[in-house]
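Colleague: Could you have a look at this structure, given as structure tokens, before my questions?
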């Protein structure tokens, strides 16, 4: 996910009522999946996942690209509904043409009224997508009602957040943020459900840190190590191919995210990318120019950009861990890295990603 410099005058996306939750799976009562297939899928998932609450949220803890989709894919088979709490319809526009006639647009972009719009092509597009409307129509509903009824009916709901907390318009590195709330509060404002309905919250954090585009990045690593992380982690934009900035895991920022969201557990992704490094580092505190240590994440962007990072250095590991599926079989140094993260943030790591594949996941 890339961030852009937010324009305060722009309309915020993702806050139009009744447009955020997109049920990604039909309830089991009407699911087309056979009972045998569903039982097989359930058997493939560790039984200890059952204690997860009725409504579970999966959120990013950094600047996006943490690998949330993989965990959602793994967990989804144990839920009746998967709902995205951000997004929705295009921004609304009210346009007056040269004759003073008013046009209220919602899904259609305002450029439709431009004199250069090719009417024939536009009509062809409308005809093309009208066919899709017939197919999608039954799945469009009042999502606030749908979600709250589903909660009353004891349906299991997995909430998928987009982007990440450090891009939150209120708590992120403003103005280098998105225009919505990718933190836990966005689940309520996006889906229209009560805070007390939400149970477990899982924070997804990469074993190192990446960021796309401009904005402060205290633990950024340049040179050979940064290039190595980028190459090993394939840190290039999916659409644009743009290289991501890479750095060590920022524990100050992660602790801040855990405080804001109240995570019950963490999913540490891409641990395998650190394999082969002689040492790995955790940014445990910030220091001002005059040497004062700051343990919390500063709200002042100018101050943040001047911060120096104090690192804790841990030994690396050489063994390939991509085929490991049991936590105790990880190299000792890799386990110490995981456990040190748990100690510093006070949140257990329950899921550890060791490769891009769906099955490359350790349940701790």
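Going from the start of the chain as shown, residues are counted 1 onward.
Just so it is clear, glycine is given a Cβ too, placed from its N, Cα and C backbone atoms.
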Colleague: Could you check which of 1-25, 26-50 is flagged in TrEMBL as region 'Disordered'?
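Modeller: Range annotated as region 'Disordered' by TrEMBL: 1-25.
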Colleague: I need the nearest neighbour of residue 272 (GTP binding site) among the binding-site residues 163, 241, 243, using C-alpha distances.
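Modeller: Result: the closest of the binding-site residues to residue 272 (GTP binding site) is 243.
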Colleague: In DSSP terms, helix, strand or coil for residue 272 (GTP binding site)?
Modeller: helix
Colleague: Looking at the binding-site residues 241, 243, 353, 355, which one has the fewest other Cβ atoms within 10 Å of its own Cβ?
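Modeller: Counting other Cβ atoms within 10 Å of each of the binding-site residues 241, 243, 353, 355 gives the minimum at 241.
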Colleague: I need the nearest neighbour of residue 271 (GTP binding site) among the binding-site residues 163, 242, 243, 244, using C-alpha distances.
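Modeller: Checked the binding-site residues 163, 242, 243, 244; minimum Cα distance to residue 271 (GTP binding site) goes to 244.
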Colleague: Can you tell me the CA-to-CA distance separating residue 355 (GTP binding site) and residue 244 (substrate binding site), as a whole number of Å?
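Modeller: The Cα atom of residue 355 (GTP binding site) is 19 Å away from the Cα atom of residue 244 (substrate binding site).
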Colleague: Can you grab the distance from residue 354 (GTP binding site) over to residue 244 (substrate binding site)? Cα atoms, rounded to a whole Å.
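Modeller: Here the two Cα atoms are 20 Å apart.
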